[in-house]
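**Q** Submitted below is the structure of interest, expressed as structure tokens.
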Amino acid sequence: MQHPTNPIPVGVLGATGTVGQRFITLLSTHPWFTIHALGASPRSAGKAYKDAVNWKQVTPIPASVRDIVVKPCVAQEFVECKVVFSGLDADVAGDIEEAFRAADLAVFSNAKNFRRDPNVPLIVPLVNPSHLSIIPQQQSLLSLKKGFIVTNANCSTTGYVIPLYALEKAFGPIEAALVTTMQAISGAGYPGVSSLDILDNVIPYIGGEEEKMEWETLKILGGVAEDDQGAKSFDMHAKQPLRVSASCNRVPVIDGHTECVSIRFARRPPPSPQQVREALAAFTPDAQSLGCPSAPRHAITVHEEPDRPQPRLDRYYQDGAGVSVGRVRQCQVLDIKFVVLANNVSIGAATSSIINAEFAVLKGVVQA
């Protein structure tokens, strides 16, 4: 697959927010994409980016964007962009992203608004980039030539579906999964959870999170079916029904979602813990094989130490683009249990959108 030789101009919506800042940090050094336009709220529009943003990243504002004048999130301001990344809040993302798509722009969104749309792929790039195959149908229904919307998953869903997919690929369908999350406060955005609520505390509820995890897992791990008339749809893992039960908790960690997972395989007997470790370590996603520049060298890092992964030690390995798995062992109730750590602001957010766009460029879905 031939990599692009000319820079690809991209835009970022919600550029002053937490996810937008992460997009900018990653895109500022990207080998293909070059930041052409930044969009934000009316109160930021018209200002130089350095004056509009309350920068909260650990590295300085990239010099290449400091003086870019922020634009309103209006499609005509982004017509020269081949790709538009959306870090918008869900409260405003729906109408804006829809308008950008209608203007024939390719939108890669981190927001939840279109995840349930039957013609919009919900893609974790290390799992199901093949779901881009529904894009021509989305475009045909809306009479578009280049415009479309691709969404990436909720940050908590992203972390655990990567090892689940690797295990289904190696050992066949999973029929039940229990997942308990310990989610970082950055997942709530900035300024996030009040210090009086989160310090010395665990909050055993994140609104809508459990239901999102349970539903999104089925769309991501399922396939794309085609009927006799050629119409495509997501099968929601219907060939082998998968039951998911999620319990979501907010914990006093800045970045990095830790998740305790137990699974039951359809096959009998199930694989051993050692077989599971080997399959996870050997997993190579299509995004890596294809040469997406932001894909991690190791999609899944398997830890042998009994006390890993840990957010503080493991969340920035490979710049947070892969996941870390440890404590793989037999489950006395289901079959196998393990712990997975994912960086919620990297592979759980901006990094996923960027790899999705890279894959779309290499497959010709984005006309670069």
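Cβ atoms here come from the backbone N, Cα and C positions, even for glycine.
Below, the features straight out of TrEMBL:
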{"type": "DOMAIN", "residues": "9-135", "note": "domain 'Semialdehyde dehydrogenase NAD-binding'"}
{"type": "ACT_SITE", "residues": "Cys155", "note": "active site, acyl-thioester intermediate"}
{"type": "ACT_SITE", "residues": "His257", "note": "active site, proton acceptor"}
**Q** I need the least crowded one of these active-site residues (Cys155, His257), counting other C-beta atoms within 10 angstroms of each C-beta.
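**A** Selected from the active-site residues Cys155, His257 on minimum Cβ neighbours within 10 Å: Cys155.
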**Q** DSSP-wise, what's the residue breakdown of the domain 'Semialdehyde dehydrogenase NAD-binding' (9-135) into helix, strand and coil?
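**A** Each residue of the domain 'Semialdehyde dehydrogenase NAD-binding' (9-135) counted once, the result is 38 helix, 26 strand, 63 coil.
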**Q** Rounded to a whole angstrom, what is the C-alpha distance between His257 (active site, proton acceptor) and the residue listed as 'active site, acyl-thioester intermediate'?
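**A** The Cα atom of His257 (active site, proton acceptor) is 8 Å away from the Cα atom of the residue listed as 'active site, acyl-thioester intermediate'.
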**Q** For the domain 'Semialdehyde dehydrogenase NAD-binding' (9-135), what's the mean pLDDT in this predicted model?
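**A** Mean pLDDT, the domain 'Semialdehyde dehydrogenase NAD-binding' (9-135): 97.
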